[in-house]
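Peer 1: Right, I'll just put the structure down here and ask away after.
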Amino acid sequence: MKCCDNIDARMVDETSINLDPIQVGGRLTPEAMKAMISWGDGYSVCDNCRKPFRLDYIEKPPLKDFHVDVAEWLGMAQARTVPGARRGFQQVAGTYVEKGDPVLIGALAHYTSYLSVELQKGIVREIPKTADNHITAEDTANRIEDVVREFGIAPKLLYIDHVDYQFGNMHDVKGIAKVAHQYDIPVLYNGVYTVGIMPVNGKDLGVDFIIGSGHKSMAAPAPSGILAATEERANEVFRTTQMEGDLTGRKFGIKEVGILGCSLMGAPIVGLLASFPTVKARVEHFDEELANSKIVVEALRFIEGTKILSEYPRKHTLTRVDTTGSFDQVAQTHKKRGFFLSSALGKKGITGIIPGATKVWKFNTYGMTKKQAEYVADTYLEIAETNGLTIN
């Protein structure tokens, strides 16, 4: 089936249970799909843009209210939309980091955190992970002292993931922020796997910035994201232009420097807006998501030789698993080699696991029903048993 002459229709979630770690939280709501059709044209949301000519002042569609509501929902003073979380990192780093400045980043952080510092010619120093793959307040304090000794100043910024992308482990953001603020270091909370998935309140956590991903965790089209700030930091990170043309004398009103005036137009922002009521509601049911995740995790644990590498009991639906001692043993002699697992899952209508991966891999159960979770769990057990693995 084709969307048009040379593009196939994508029907992954319509035909399969999707376990892809980066896709499940970004699946669009029906409301977002309809809104995209109506507002998908490039500058459609600018139909009613009037003075002061800024995205977060537009009332039809209600973008002005949306920006206010998102900030309140996150326990922050102000919020802006950005074209993906990485642009939020870039905006914050661009505000505080200059050439040669040290910045602390948790050792499990996404590469875009590092690149946002590199773009400013800053210097990254990592907070080490513990033996059980956590970033702690104690290690943060030690690394801050290391930086002070090395550079003569405290880090200009600290990045911390609430839930990291490698293990899906939850880290002590509140404790880390408390330590950082003793040195007056602003704290950037990376919520790409939490904002839109589970309750997040920046005031309770004590962070200066919250960054969320619309297309990863807020049921929105790509690229989309949220950058929220405290009242103290908002005037810095959302600073307005002071530029004036030397020949023309041109000025540019209250356009914001960090996002080059306006950030999201058309499909990404209306999709984000349209899904927001559903997203606000669904975070209150994260306990149900964890219960469904547990069904799959426990089934995998029953397969002899399988290890859950993420913290256990699980606190998030993203899980890293090591099947070197189970499914990879099958792959050594199977005619399809490592591809036997994804092939067997595919025949059962389950997708999202990297084809060929039978050693260490990740999955995310977010958005599943209990019935689907039970089906996935039973399927893994069936594949294991069919291929001669022991079920405990």
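Placement of Cβ uses the backbone N, Cα and C atoms for every residue, glycine included.
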Peer 1: Which candidate from Asn48, Asn169, Asn190 does Swiss-Prot annotate alongside Ala85, Arg86, Ser213, Gly214, His215 at the pyridoxal 5'-phosphate binding site?
Peer 2: Asn190
Peer 1: Name the residues of the same chain, 6+ apart in sequence, whose Cβ is under 8 Å from the Cβ of Arg86 (pyridoxal 5'-phosphate binding site)?
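Peer 2: Non-local contacts for Arg86 (pyridoxal 5'-phosphate binding site): Thr112, Leu115, Ser116, Gly225.
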Peer 1: If I take the alpha carbons of Ala85 (pyridoxal 5'-phosphate binding site) and Lys216 (N6-(pyridoxal phosphate)lysine), what is the distance between them in whole Å?
Peer 2: 9
Peer 1: In the same chain, which residues outside the set Ala85, Arg86, Asn190, Ser213, Gly214, His215 have their CB within 8 A of the centroid of the CB atoms that define the pyridoxal 5'-phosphate site?
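Peer 2: Everything else in range on the chain: Val82, Gly84, Gly88, Val192, Ile211, Gly212, Lys216, Ser217, Pro223, Ser224, Gly225, Ile226.
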Peer 1: What number of additional C-beta atoms lies within 10 angstroms of the C-beta atom of Asn190 (pyridoxal 5'-phosphate binding site)?
Peer 2: 31
Peer 1: Looking only at Ala85, Arg86, Asn190, Ser213, Gly214, His215, the residues listed as binding pyridoxal 5'-phosphate, what is the longest Cα to Cα distance in Å?
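Peer 2: That value is 14 Å for the farthest Cα pair.
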